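The block underneath contains the structure these notes are about, expressed in structure tokens.
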Amino acid sequence: MSTTKKEYKRVTVKSLVDMKKNGEKISMLTAYDYSMAKIVDAANVDVILVGDSASNVMAGHETTLPITLDQMIYHASSVIRAVYRALVVVDIPFGSYQSDPKEALRSAIRIMKESGAHAVKVEGGHEIKESVKRILNAGIPVMGHLGLTPQSIYKFGTYTVRAKEEEEARKLKEDAKLLEKMGCFAIVLEKIPAKLAKEVAESVSIPIIGIGAGNGVDGQVLVLHDLLGITQEFNPRFLRRYLNLFDEMGKAISQYVDDVKTSDFPNDDEQY
Ligand code: KIV
């Protein structure tokens, strides 16, 4: 298997499948606004996910459930305006695709049309298959999401590792195969045992992107605010923080407050 990195002018759903074939790992990160998306895209992240984690990190909700379709479209269109290279995938939020396939298609179409996004992501397998089919039939690329699916948190009751038991692992493997067969272009596997994730990645031809699913998969995704250390209270084992931006930004802002209070800012060069 070759691991040569190919330069993609624009990452497409096809490039991702090629990356898997070539053994090139896929990098994916969330973004929810123009300024951050510009930085993430310039850093050559392959896939930008406008995740419904915006509900947590942008709006301060405890879960992803409250965010609306209109709010997701607002975030997605801000991201799209910043991006030149990455594939932009948008979460269809809770309540906008589970009740019936026609509603699912309407929601996906609104996201594509009103934001200019390149693909959508949905959580679940067999139980949402008619919705997935409907969206795919309209020519909209779909990314699946299995394992810990935060939109179902009240069913799970906890954010602990999923599919440790044989029955749930079996269903997850079947769901991954089903999503591949229906035509999904990739699947996110969240918080499941690394051994199971590797097995799934080896059993399908589409890329498997992990979050808390070990290193045997085809790529990794993290929430941008967690990677940068803007969030402080969320500390799962799988998270690697690359910065402590909460402290760094806090220091800069405190310095600004001091400079204003002491009349140090603005100085003679900083006025007209
Ligand atoms: O909403 C989100 O950020 C996600 C990722 C954690 C995969 O779904």
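Numbering starts at 1 and runs along the chain as displayed.
Quick reminder: no glycine exception, Cβ is built from N, Cα and C everywhere.
Because TrEMBL annotations are produced automatically, they should be read as predictions rather than curated entries.
In the three-state DSSP reading, Asp91 (3-methyl-2-oxobutanoate binding site) counts as strand. What TrEMBL lists as 3-methyl-2-oxobutanoate binding site is Asp52, Ser53, Asp91, Lys121.
As annotated by TrEMBL, Mg(2+) binding site applies to Asp52, Asp91, Glu123. Sequence-distant neighbours of Asp91 (3-methyl-2-oxobutanoate binding site) (same chain, six or more apart, CB under 8 Å from its CB) are Leu49, Val50, Gly51, Asp52, Thr64, Met72, Val120, Lys121, Val122, listed in sequence order.
The active site, proton acceptor annotation in TrEMBL covers Glu190. Counting only same-chain residues at least 6 apart in sequence, those with a Cβ under 8 Å from the Cβ of Glu190 (active site, proton acceptor) are His145, Leu146, Gly147, Leu148, Thr149, Pro150, Arg162, Gly210, Ile211, Gly212, Ala213.
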Binding-site residues compared (Asp52, Glu123) - highest count of Cβ atoms within 10 Å: Asp52
Cβ neighbour count (within 10 Å, all chains shown) around Ser53 (3-methyl-2-oxobutanoate binding site): 21
Cβ packing number for Lys121 (3-methyl-2-oxobutanoate binding site), 10 Å threshold: 21
Glu123 (Mg(2+) binding site) and Ser53 (3-methyl-2-oxobutanoate binding site), Cα-Cα, nearest whole angstrom: 13
Close-lying binding-site residues around ligand 1 among Asp52, Ser53, Asp91, Glu123, where CB distance stays under 6 Å: Asp52, Ser53, Asp91
